[in-house]
Structures are given as C-alpha cells and as structure tokens.
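Enquirer: Provided herewith is a single structure, encoded as structure tokens, for subsequent inquiry.
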Amino acid sequence: MSETNTATRTSPTGTVLTPAGGALTGTGQLVRLALRRDRLLLPLWTVVIAALPAASAGAYEQLYPDPAQRASLTTSLGDNPSISLLYGPAHDLSTAGGFTAWRFGTMLSVFAALVCVFTMVRHTRQEEDTGRQELLSSTVVGRYAPLTAALAVCMGFALVTGVATAVALAATGIAAAGAFAFGLGLTAVALVFTGVAAVTAQLAEYSRTANGLAGAILGVAFALRAVGDSAEVTWLSWLSPVAWSTQARPFAGDRFWVLLLPLVVTGVLVAVAYVLQRRRDVGLGLLPSALGPASAGPRLRTTFALATRLHRGTLIGWVVGFALLSALFGALASDIGDIVGGNEQMREVLARMGGSQGVVDAYLASTANILGMVAALYVVQSALRMRSEETALRAEPLLTTGVSRLRWIAGHLVFVFGGGTALLLASGVGMGLAHGVRTGDVAGQAPDVLLACLVQLPAVFVVGGAAVALFGILPAYTGAAWAVAAVLLLLTMFGPVLDLDQAVLNASPFQHVPKVPSVDVTAAPLLWLALAAVALTAAGVVRFRGRDIG
C-alpha cells in the first residue's frame with residue numbers, strides 16, 4: 001500500500017478517506033468508523049462498570065447499619081485467605097468507599113481489561129482476518145492508521161469509563177479523591193491490556209489466537225495477584241497489572257503515584273506494537289503458523305469434525321478455568337457462616353439469591369446460579385462463532401460443496417449446548433469435591449452441589465437459544481447476544497444485593513431455577529425453560545436455512 005498517495009478515495013464502507021499525510025493518514029476516519037460500529041456496546045459497558053460501584057456504595061449502610069460491625073469487617077474478611085484470593089487485600093472496609101473499592105476493584109479491572117482486549121483485537125487483527133483491512137489499505141490509509149485508531153478507541157473507552165466511575169461514586173457522597181483513585185485504577189489496568197492486545201494482534205495470525213494470548217496473560221496476571229494477596233507475598237502482587245489498581249489503595253491512602261507504573265508499561269507495550277507492525281505484512285502474524293496438509297484427514301471430513309476443530313481449544317480452556325474457580329468457591333463455602341456472622345441484611349441477600357434453608361446451602365445455590373450465568377457467556381461465544389465463520393467467508397464455500405445448512409449448524413450447536421453442559425459438570429464436580437473435602441463429607445455434599453449446578457442448564461440453554469435465534473433471524477445483530485447475557489449476569493449477581501423489585505429479577509431465566517440444595521427440584525419451571533430454549537433454537541435454525549449467507 002502507498003503511504004504517500006494524496007488522492008481522496010472512498011473506502012468500501014462508504015467512508016471518505018482524505019489524506020492527513022504520512023503513516024497516520026485516515027486515522028480520524030477509522031476512529032469514527034470504529035465508534036459507529038461500537039456505538040451500543042462500549043457505552044453499555046461504561047454504564048455497567050460505572051453504575052455497579054455507585055449502587056454498592058449507596059447500599060453499604062443498609063447492609064451494615066451497625067458502626068461496630070463495619071469496624072470489624074476489615075479483620076473478619078481481610079484475614080480469610082480465600083476471600084483475599086478472590087477480592088484482594090482488605091485495606092479499610094469500615095467506609096462505603098473502602099468496601100466498594102475492595103468488593104469491585106479486582107472484578108471490574110478484569111472486566112474493563114477484557115473489553116479493551118476484545119475491542120482492540122476486533123478492530124485490528126479481526127479486520128485483517130476478514131479481508132476488510134486489505135480493502136481499506138488499498139485506499140488512502142496510512143500504515144499505522146488502523147492500529148492508532150484502535151488504540152485511540154480503547155484508550156478513550158478506558159479513560160471515559162474510569163472518569164465516569166469516579167464521578168458516579170463521588171455523587172453518592174463519598175470522598176472524591178478515593179473515587180478518582182478507584183476510577184483511574186480501572187483505567188490504568190484497561191490501558192495495560194490494551195497494550196497487551198495491541199502486541200498479540202501483531203504476533204498472532206488470527207483474531208482467536210490474539211484474544212487467547214491476551215486472555216492467557218490476563219489469567220496469569222490474575223493468578224499472580226491472587227497468590228500474592230492470599231499468601232501475603234506482597235512482591236508477587238506488584239508483578240501483576242491487575243493488582244496495581246488495588247495497590248493505589250482507594251479510600252485507604254489514595255496512592256496516585258502507583259498509577260504511573262501502568263502508564264509506563266502501557267507506553268512500552270504500544271511502542272512494541274508499532275515496531276512489530278512495521279515488520280509484518282497485512283494479514284500475516286509474526287508468530288510462525290504451520291501449514292496444514294493439502295487435504296483433510298479422515299478425522300476432518302465431517303461438519304462435526306470441523307466444528308470440533310474450531311471449538312475444542314476454547315472449550316478446554318473454559319472447562320479448566322471453571323473447574324478451578326468452582327473448587328475455590330467450594331472451599332470457601334464452609335467459612336461463609338463466619339463471614340456473614342449475625343448480619344441479618346447479608347443473610348436476607350443470600351436468601352433471595354439462594355434460598356432460606358441455611359446460609360451455607362444458600363451460598364452454594366447462589367454460587368451455582370452465578371456459575372450457570374457465566375457458563376451462558378461461553379454458550380453465547382460459541383454461538384457467535386457461527387457468525388464469525390459466516391462473515392469471514394469460510395461458511396459459504398463449504399455450503400456450496402453439498403453440505404446442508406442443517407448439518408453445518410448442527411455441528412456447531414453440539415458445542416453451543418454440549419459445551420455449556422460440560423462447564424456445569426466441571427463446576428459441579430469441582431465445587432462439590434472441594435466443599436465435601438472441607439466438611440469431611442464428600443459422599444453427602446458432592447451430589448447435592450453437582451445437582452445445584454446441573455439444574456442451571458435449562459436457563460443456560462435459553463440464553464444459547466436466544467443467541468441462535470439472533471444468528472438465524474437477525475444475523476447483523478448477533479452481537480447483541482452479549483448484551484443480553486451481560487444484563488442477565490448483572491441481574492443475577494447484583495439484583496438481590498441492590499434490592500431490585502422481584503418483577504425485574506424475574507426477567508432473568510436464572511431466577512426461575514430451583515435453588516438447590518436449599519429446596520427440592522421442581523420439574524415445572526425447568527420444563528418451561530427447556531421448551532423456551534427449544535423454541536428459540538428452532539426459530540433460529542429454520543430461519544438460517546432460508547436466509548442469504550453473508
């Protein structure tokens with residue numbers, strides 16, 4: 001591509017690209033194009049991230065009305081290694097700001113980082129996967145314009161989200177300095193992983209690999225923070241970008257200087273990304289990609305075998321992660337009584353989430369419910385894989401060879417719904433065994449916990465059915481399935497804590513799942529959910545068989 005052409009041209013998307021000179025020509029137009037494509041998702045994530053801490057801060061005094069109880073929170077929660085592993089160190093939980101920063105700091109940092117990773121890869125490597133970048137590069141677009149535009153969008157999202165979170169927190173009446181230390185901490189972590197994704201997008205040849213590499217780095221960073229915080233190995237936490245937001249100590253000292261570290265790391269990563277891009281051609285990655293055989297082997301000559309090849313790596317990663325996370329939750333279950341103590345408000349929240357037959361059973365039921373909702377995210381991801389195969393023009397050539405559309409989509413649906421089942425099996429086994437070992441009653445506890453996870457399946461399938469229906473009926477809006485899943489997850493996790501009206505909570509299919517082991521299994525709601533899942537899936541499959549491909 002030419003970097004010095006000064007003619008005005010129109011891109012294949014209809015965007016007029018006028019020269020700005022040099023390697024950054026067209027950056028502004030590409031930024032506007034990216035913002036237009038993400039005009040719904042990015043504002044949604046900003047609102048979600050900003051609203052959760054503010055809502056929690058507002059509910060703090062209702063959950064902990066006794067000043068003496070607030071004063072004891074730092075010790076009662078901070079001294080538990082399992083709690084520290086999940087949420088990080090408890091610096092000062094005696095105030096609404098300190099509790100909110102501890103409760104949401106790590107989780108929202110990881111979430112904001114994931115949004116930036118996926119956005120960065122989507123606007124760089126995925127554009128090259130689909131061939132759109134090559135078309136744009138044939139117009140007046142500078143060599144570094146796509147990378148620069150993606151960086152601008154992700155960094156803008158990180159900054160706006162951090163500031164919005166800080167303003168929302170400050171609006172609840174808590175200290176503004178702590179609010180901005182918290183919000184800018186989220187921004188800092190998101191910026192680091194924007195840089196990480198910018199680098200992996202240059203290294204990997206495919207967007208899935210780039211996302212996987214960045215996700216693996218995020219996982220390692222989370223593990224370093226978890227081990228460092230739970231084992232009190234402070235120096236290990238300092239090696240993790242995820243821990244830098246909590247090391248800023250919002251509402252417990254407000255150490256803004258810590259945030260200089262992620263800024264430096266981000267600058268280095270961005271510089272590396274530009275250097276790497278200069279050394280490669282459009283569409284290629286710097287990591288060597290082994291060529292496959294000229295013809296498919298016997299194990300790759302069916303639609304199911306192809307779907308297996310496409311989904312297996314992602315599914316294995318999810319299953320391993322689910323098993324480990326569930327084991328951690330199971331190990332924590334026996335301590336939940338001490339953590340809740342005599343706090344009637346917390347007991348009421350757990351009862352709303354998991355039933356009223358004992359705090360441990362309520363905790364197990366609510367945790368299984370949340371794990372089911374997270375499993376639904378995998379189901380959505382797998383369903384969207386069909387759309388990515390279609391838009392990347394890999395599905396159409398296959399369907400012209402005599403492969404029926406029904407066979408093609410059926411191969412993917414095995415992993416959409418079978419994968420969700422595998423995740424809940426892994427979570428049930430992991431959480432059940434861990435809880436059973438802690439209580440010394442594996443035979444008595446493990447089956448109940450496994451059942452608590454498996455009864456989530458019909459609700460998970462409803463979410464999967466909705467994603468399939470969008471793919472078949474409104475393919476251009478298939479990505480909206482992420483928004484549906486995210487809203488349901490937030491309702492499930494935080495609706496009871498925020499004391500939302502029951503009618504609002506009932507919008508989630510997970511609200512209708514029996515709260516095992518607090519209550520016995522009732523078949524009626526599970527059957528209704530299963531019928532809804534079948535109807536949604538069937539509607540999507542039928543429409544897919546009759547619509548245009550592409």
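Backbone N, Cα and C define each Cβ position, glycine as well.
Note that this is a predicted model, so its numbers are computed, not measured.
Pulled these features from TrEMBL for this protein:
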{"type": "COMPBIAS", "residues": "1-11", "note": "compositional bias 'Polar residues'"}
{"type": "REGION", "residues": "1-20", "note": "region 'Disordered'"}
{"type": "TRANSMEM", "residues": "40-60", "note": "transmembrane segment"}
{"type": "TRANSMEM", "residues": "101-123", "note": "transmembrane segment"}
{"type": "TRANSMEM", "residues": "144-171", "note": "transmembrane segment"}
{"type": "TRANSMEM", "residues": "177-201", "note": "transmembrane segment"}
{"type": "TRANSMEM", "residues": "213-236", "note": "transmembrane segment"}
{"type": "TRANSMEM", "residues": "256-276", "note": "transmembrane segment"}
{"type": "TRANSMEM", "residues": "315-333", "note": "transmembrane segment"}
{"type": "TRANSMEM", "residues": "362-380", "note": "transmembrane segment"}
{"type": "TRANSMEM", "residues": "413-437", "note": "transmembrane segment"}
{"type": "TRANSMEM", "residues": "449-473", "note": "transmembrane segment"}
{"type": "TRANSMEM", "residues": "480-498", "note": "transmembrane segment"}
{"type": "TRANSMEM", "residues": "526-544", "note": "transmembrane segment"}
Enquirer: Residues sitting near the transmembrane segment (362-380): Cβ under 8 Å, six or more positions beyond its termini, same chain?
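Expert: That would be 314-315, 318, 322, 325-326, 329, 333, 336, 347, 350-351, 353-356, 416-417, 419-420, 423-424, 427-428, 431, 435, 448-449, 452-453, 455-457, 459-461, 463-464, 467, 481-482, 484-485, 488-489, 492-493, 510, 513, 515-518.
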Enquirer: State the residues, same chain only, that lie 6 or more residues beyond the ends of the transmembrane segment (413-437) and have a CB under 8 A from a CB inside it; answer 'none' if no residue qualifies.
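Expert: Here the qualifying positions are 304, 307-308, 311, 315, 318-319, 322-331, 333-334, 364, 367-368, 371-372, 375-376, 378-379, 382-383, 443-454, 456-457, 460-461, 464, 467-468, 537, 541.
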Enquirer: Would you kindly check 144-171, 177-201, 256-276, 449-473, 526-544 and say which stretch has the most C-beta pairs under 8 angstroms to the transmembrane segment (101-123)?
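Expert: Per the Cβ count, the answer is 177-201.
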Enquirer: Near the transmembrane segment (40-60), which same-chain residues lie under 8 Å Cβ to Cβ, leaving out any that are not at least 6 residues past its ends?
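Expert: Long-range Cβ neighbours of the transmembrane segment (40-60): 96-97, 99-101, 103-104, 108, 111-112, 115, 119, 153, 157, 160-161, 164-165, 167-169, 171-172, 174, 182, 186, 479-480, 482-483, 486, 490, 494, 497-499.
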Enquirer: Quickly jot the same-chain residues contacting the transmembrane segment (177-201) by Cβ under 8 Å, restricted to those at least six beyond its ends, or write none.
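Expert: The answer is 49, 53, 97-98, 100-101, 105, 108-110, 112-117, 120-121, 124-125, 147, 150-151, 154-155, 157-159, 161-167, 169-170, 207, 209-211, 213-214, 217-218, 241-242, 244-246, 248-252, 254-256, 259, 262-263, 265-270, 272-273, 276.
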Enquirer: Who are the long-range neighbours of the transmembrane segment (449-473) in its own chain, taking Cβ under 8 Å and residues 6 or more past its ends?
Expert: 326, 330, 364-365, 368-369, 371-373, 375-376, 379-380, 382-384, 386-387, 413, 416-417, 420-421, 424-425, 427-429, 431-432, 435-436, 480-481, 484-485, 488, 508-510, 512-514, 516-517, 521, 526-527, 529-530, 532-537, 539-544, 547
Enquirer: Report, as numbers and ranges, which residues of the same chain sit near the transmembrane segment (315-333): CB under 8 Å and 6 or more residues beyond its ends.
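Expert: That would be 82-83, 85-86, 212, 219, 360, 363-364, 367, 371, 374-375, 378, 382, 415, 419, 422-423, 426-438, 449, 453.
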